[in-house]
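Record features (TrEMBL):
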DOMAIN    1-267  domain 'Homogentisate 1,2-dioxygenase N-terminal'
REGION    1-21  region 'Disordered'
DOMAIN    268-422  domain 'Homogentisate 1,2-dioxygenase C-terminal'
ACT_SITE  His280  active site, proton acceptor
BINDING   His323, Glu329, His359  Fe cation binding site
BINDING   Tyr338, His359  homogentisate binding site
Amino acid sequence: MSGFGNEFSSEDPRCPGSLPEGQNNPQVCPYGLYAEQLSGSAFTCPRPANKRSWLYRILPSVKHKPFTSVPCGDLTENWNEVEPDPNQVYQHKESLRFPSFSGLHTLCGAGDAKSRNGIGVHVYTCNTSMVDRCFNNSDGDFLIVPQQGEILITTEFGKMMVEPNEICVIQQGMRFSVDVFGETRGYILEVYGAHFELPDLGPIGANGLANPRDFLCPVAWYEDRKVPTGYTVINKYQGKLFACQQDFSPFNVVAWHGNYTPYKYNLKNFMVINCVAFDHADPSIFTVLTAKSTRPGVAIADFVIFPPRWGVADHTFRPPYYHRNCMSEFMGLIKGHYEAKEEGFQPGGASLHSIMTPHGPDVDCFEKNSTAELKPQRVAEGTMAFMFESSFSMAVTKWGLHTCQKLDKNYYQCWEPLRSHFNPNWKPGKQ
Ligand SMILES: O=C(O)Cc1cc(O)ccc1O
Ligand SMILES: [Fe+2]
């Protein structure tokens, strides 16, 4: 079903009439189902921010054995594992290989799930599907960016196939299980305490960027499957993992309605706005989704992409400018190569330019584009880079810094050969 944050209704076609009519809590639900509300916002949130869905299921989620603690692997919310490092940049130049790492690995983040304010950036690698096990994040929302391998996500709301160049969002508390079809890798932006929204468009007008109709959510699908050997529900709670057993599949929702759902979006549908006269526009023009903080205009995290487009700016240095930013910039690459780095950034790699860390085009990019003929040109053709931009000052984890062994200690060298072009005898009009 299409639309961003709509009030959807869905019934598994095997059970027509399973959605109660005219009320949420009939004394007895059609087909003998249990009614369960999943609240994604405080009951009392103003209407535009109020999120909830009603699930009509064969057994309620509450029927499970107690949760017990399980190992977290490389998933962490401890931002004090390593000393803060004001050094220039961190870059994972190469992508993570298989099968040396599997599961979720936290690269960086800040804030905490207990006070419901912060983010985590994780990467996942896997080559086997989840069998009789599902995941549920009590701490926040997952924005999943597949980089290699499609993932079939089964949720309580139905199934979604998500392939590289698509993204999906599984919001807080939604149970999901993932099937993979080979070596699979991607990035996850976790946000505690806010849901993703479409950015306001301001003077752009009523249309553009990511259009609401291009967001897709699943249709109801259920299985009435007993699992006598035990079905495991993994719960991420206050930064740690817990597991509980139940003897049936949690994907037993026959019908549901509401505006709190998982969803996916194909990045090829992004309607790109760009400069058509001169100068380089800030990358906020490429914001797909934003998780707003309480400060006006300041995001907990924005999801920004660098899609294929035309570069036409006159008398302009067209690639990204040199800059220092009061926001943190985590970047990843789904395919192709990134325009500001001639080489050095491979698909599946990542970089973090921390708050006020200077960065910008490498020397080759600067030299080439300072003299390039400024004809209309396709930019980023066949590529897709993205940025998680956050107002949080992120810490890198021990895994990100050491364990994964992908840190490029020489990254700073891509700027070392930058030389002065200063000419004190320069005269206006003569160059
Ligand atoms: O640093 C980066 O590569 C991301 C970025 C791109 C851009 O076009 C302008 C600013 C910015 O931070
Ligand atoms: Fe930047």
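Think of each number as a place in line: the chain as shown, counted from 1.
Cβ atoms are placed via backbone N, Cα and C, with glycine included.
Structure coloured by features recorded in TrEMBL.
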residue: His280; record: active site, proton acceptor; Cβ within 10 Å: 15
residue: His323; record: Fe cation binding site; Cβ within 10 Å: 13
residue: Glu329; record: Fe cation binding site; Cβ within 10 Å: 21
residue: Tyr338; record: homogentisate binding site; Cβ within 10 Å: 25
residue: His359; record: Fe cation binding site; Cβ within 10 Å: 23
Intrachain residues whose Cβ lies under 8 Å of the region 'Disordered' (1-21), provided they are six or more past its termini: 29-31, 33, 35, 51, 56, 157-158, 197-198, 210, 212-222, 254-259, 261, 263
Model confidence over the domain 'Homogentisate 1,2-dioxygenase C-terminal' (268-422) (mean pLDDT, whole number): 94
Secondary-structure category, per DSSP, in which Glu329 (Fe cation binding site) falls: strand
In sequence order, those recorded positions of His280, Glu329, Tyr338 whose CB lies under 6 Å from ligand 2: Glu329
Cα-to-Cα gap, Glu329 (Fe cation binding site) vs His280 (active site, proton acceptor), nearest whole Å: 18
Fe cation site shell beyond His323, Glu329, His359, criterion: Cβ within 8 Å of Cβ centroid: Pro320, Arg324, Asn325, His353, Thr357, Pro358, Gly360
Cα separation, Tyr338 (homogentisate binding site) to the residue listed as 'active site, proton acceptor' (Å, whole number): 16
